[in-house]
Each structure stands twice: as C-alpha cells, then as structure tokens.
C-alpha cells in the first residue's frame, strides 16, 4: 500500500488517515491520528449570547474548526482546492452582497477559511468622501484618488488574509464591471498562485430588481434622504455606471459564472477549480431570495420524555401545540400588518409577504410521533406539514434515557472525553453533533431554496445545528445552545446578515 501521508498532505488529518495504522478496538473505533487539532474547550452558550450573526467574524487560524467540516489539514486548505479569489461582478442592486455573504456562510460551514471583502464597508469607515465615489470611473481627481485608495486597501487586506491568516477563499464584493479591471485582478492574483473565479450577477426580473433597490435604499448610503430623494439618488448612480458596464464574454479568457435572476439560470465557463467550486455552483443553484422567516420551536412534552419509546404527547404537550399554532399564526399576521402600515420601500425585508398563510407557510417536523403531533393543529388550518427524516434527533446510542450521574457511573472515561469536545465526541453506538450536521446538509440547502416562512418543530439537537448554520456559530458554541419550550426563535434574513428574535410563547394565561 502506498504511503498515503506522503502522497498528499491533505490526508494528514483527514480522509484516509485511519488506514496508516491499525485502529484501536473500542466502542466507536477511535482514530489513532487525530482528525481535529487545536480544539478549544467548550463553554456554555445560550441564544442570548450568540444572537449576533457570526458570518463576518474573524477566522481564528489556531482553532478554526467549523460545524460541517469533514477534516482538517496543516495548511488549512480543504478539498485539494488551493487558494481562490471569488470576484463579484455587476451593477448596483444586483444581489452581489447577498451572494458574497451567502457563499461565505456556506463555505465557512464546510470548514473553508472564507472572508468577504465589501467595498461599501471600506467606504463607510472613510472620511472626506467625494460625491462621485460611487462611479467606477470618478470624474474628479479627488474621486479617482479616493476609489484607488480604497481599492488598494481592499487588495492588501485580501493578500494579508491569504498570506497571514492562512485564508483559502476570499470574496471581493465591488462593481468590477470593466474588462480591464477584471483582467488586472486575474493577473495580480494568478502571479501569486491564487485562482480567480468571477461571478457575474445579472438581474432582469423586475420584481427582483425592485426588491434589491428597496434593500439598497435601506443602507447607510441613503440615510437621511426621503423615499423620493433616495430613489433619485440610486437612479443617478445606476445611470452613471451603466455606460461602463462590459458584460463578461468568452473572449476575456477568464473563469466565470453568470448568475441570472438569483439562480433561475446559471452559466459556467471554464471551471478549472475543481470540487470546491463545484460545491459553490451547486449551492448557488439552490440559493433563492428570502421572503420569509425561519421559526424554531421545540416539540410538545410526553409523560416520560424518553428516546427509546416513541411516545405520544401528554395533555400538557397537546395544550402547548394549540398555543404554539395560535402564537405563530398571530406573529406572522402581525408582521404583515406592520408591513402594510410602514412606509418603507422594503417589500418583505423582515419576512412578511402578501400570500395566504396556507400557501406561504410550511411546517417541517421530525419523524417521531410527538414532534409530528405538535404540528397537527397547523394541518387542521390547511397549512402544509412535512415530516423530514433529516430532522431526526441526534442518536444518543448507549446513553439513551440515562441521567448524567448514570452516564458518569457507566461510562466514566467516555464522559470525561465528551466534556472536552462535546461536538465531535461519540458515545458508544451514538451519533456526534458532527455526524448530525453532515447528514443534515441537504436540508440546509433546501432551506436556502425556500422563500416561504418555515416553522421547524424538532428536537433541541437538530435545532442547534440549524441555528448554528443560519447564525454562523462555531462548533464550540453549538452543542450548548439552549432552546426552551417557552420561546419561539424567529430568524429574519437580509443581504448582509441574519437577525434573531426570541419570542415568549404565552403558555400560561
């Protein structure tokens, strides 16, 4: 057998490392070479402490391990992909920021060290901003100098991310609508061994364009302007840049993806970047503009709350189910009414929209009886309820239905190990949270594909994984997230980050 370790450094702590030495027999066939290195000790966390979207947080090179990460390497690079720069291309209000943040969230979840760099953020931190900064070719000397200064600052930060922070995927979010600018980026980064992939976002659908414009007008660029003034200013910026827009073509000899109307059509040219870029393309095929919120709720109670016996709801659990249904429907109706009363241009930025609840709300539940039965009152209202096998709770294996003291007595060494790394550790014949996250990836993609309001009724273990993805939690935080039955978790979407609100369910009247 060839020496796998010397054949490819990527297998050092990843796929295939277990074949280098005989495995030690045990309850869960422990590895002799650690897959996870430099792991932080887990600390307690609740939703109040992790209610800020972590998608823009720093990547800690010493301990960066993501919930969906399959393996780790010494270099930090995964999927044999090397370093990649993704360059967004498009006019204002064509979903470039939405794409950059969504790709960042997904690839970070996979374990790729990713960071998005937004021109708008650099502009907001600058002083003495000239009035023509928004044009790809400013008309004043001050504007030219200002844009060039910010551009160089962004490029230097991207280089530092690759060289100093072991970054693997950087996303450059700016207009990049001229061929000469794209060619310069390709030349600059190819010379240092960074592959460059362009994603051109094209929006011709008027409904998508209108919502993008409304979202853009909510940004700091238009702060203090009336609605009419903001629209006029936006149209001025668009008209100034349109003459310089050169759509990507084959004669540029660049690798690119044309992303048309938020995934209704995707064109890929010269994809020479391998598996990781293919994962990104597949993700983009599933990505849609969000018009709804995601709600998380625990299932109702049963008499013994056992794992082994698939119990039915008790009287308290049935009462909870009725109250949950009333509360969720009331919340959605309130949000829609608030939208109607608002003079904001953002049609559905907070998740409310105009469709009937029977068609605009979907309920996903786990496969166990009490989880599905918690949603029966929604079915009676004519709302679609789906049992999802992916929402099957974490399998506790040999420790099912044991108390903490019983686990300590029966599995003392395993219990101590589980405290060191509760995310990756498996008890005998059990799943780890990592196993759960990997098998739930198809559901994450379907959640990205759905524009409706979604209520997910599930066990706490699966809610932790879903919340961890949407709020970019680390694998240190995720196992300790606390979901209680008296709280409904509401996650709303915006292009730059997700927001969460904890709502009190009125279980006592």
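A Cβ is built for glycine as well, from the same backbone N, Cα and C atoms used for every other residue.
Taken verbatim from Swiss-Prot:
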MOD_RES   6  phosphoserine
REGION    6-291  region '6-phosphofructo-2-kinase'
BINDING   90-98, 212-217, 415-418, 460-464  ATP binding site
ACT_SITE  173  active site, proton donor/acceptor
BINDING   237  beta-D-fructose 6-phosphate binding site
REGION    292-466  region 'Fructose-2,6-bisphosphatase'
BINDING   298, 433, 464  beta-D-fructose 2,6-bisphosphate binding site
SITE      298  site 'Transition state stabilizer'
SITE      459  site 'Transition state stabilizer'
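The binding-site residues near residue 298 (beta-D-fructose 2,6-bisphosphate binding site), taking a 10 angstroms Cα-Cα threshold over the set 90, 93, 96, 415, 418, amount to none.
Reduced to three states, the DSSP call for residue 212 (ATP binding site) is helix. Taken residue by residue with DSSP, residue 173 (active site, proton donor/acceptor) is part of a strand. Cα of residue 415 (ATP binding site) to Cα of residue 433 (beta-D-fructose 2,6-bisphosphate binding site): a distance of 15 Å. Ranking the binding-site residues 90, 215, 237 by Cα distance from residue 464 (beta-D-fructose 2,6-bisphosphate binding site) puts 215 first. Recorded residues residue 215 (ATP binding site) and residue 433 (beta-D-fructose 2,6-bisphosphate binding site) have their alpha carbons 36 Å apart, per Cα-Cα distance. Counting other CB atoms no more than 10 Å from each candidate's CB, the binding-site residues 237, 298 peak at 298.
In the three-state DSSP scheme, residue 90 (ATP binding site) is classed as coil.
Checking each of the recorded positions 173, 237, 433, 459 against residue 96 (ATP binding site) by C-alpha distance, the shortest gap belongs to 173. In this structure, the CA atom of residue 462 (ATP binding site) is 9 Å away from the CA atom of residue 433 (beta-D-fructose 2,6-bisphosphate binding site).
Looking at residue 173 (active site, proton donor/acceptor) and residue 459 (site 'Transition state stabilizer'), their Cα atoms lie 38 Å from each other.
Around the Cβ of residue 93 (ATP binding site), the same chain contributes 203, 209, 212, 213, 215, 216, 234, 238, each under 8 angstroms and 6 or more positions distant in sequence. For residue 433 (beta-D-fructose 2,6-bisphosphate binding site), the same-chain residues lying six or more positions away in sequence with a CB closer than 8 A to its CB are 67, 394, 422, 423, 424, 461, 464, 465, 475, 478, 479. Residue 415 (ATP binding site) counts 16 other C-beta atoms within 10 Å of its own C-beta, drawing on all protein chains shown. Largest Cα-to-Cα span within the beta-D-fructose 2,6-bisphosphate-binding set 298, 433, 464: 18 Å.
For the pair residue 459 (site 'Transition state stabilizer') and residue 418 (ATP binding site), the Cα-Cα distance reads 20 Å.
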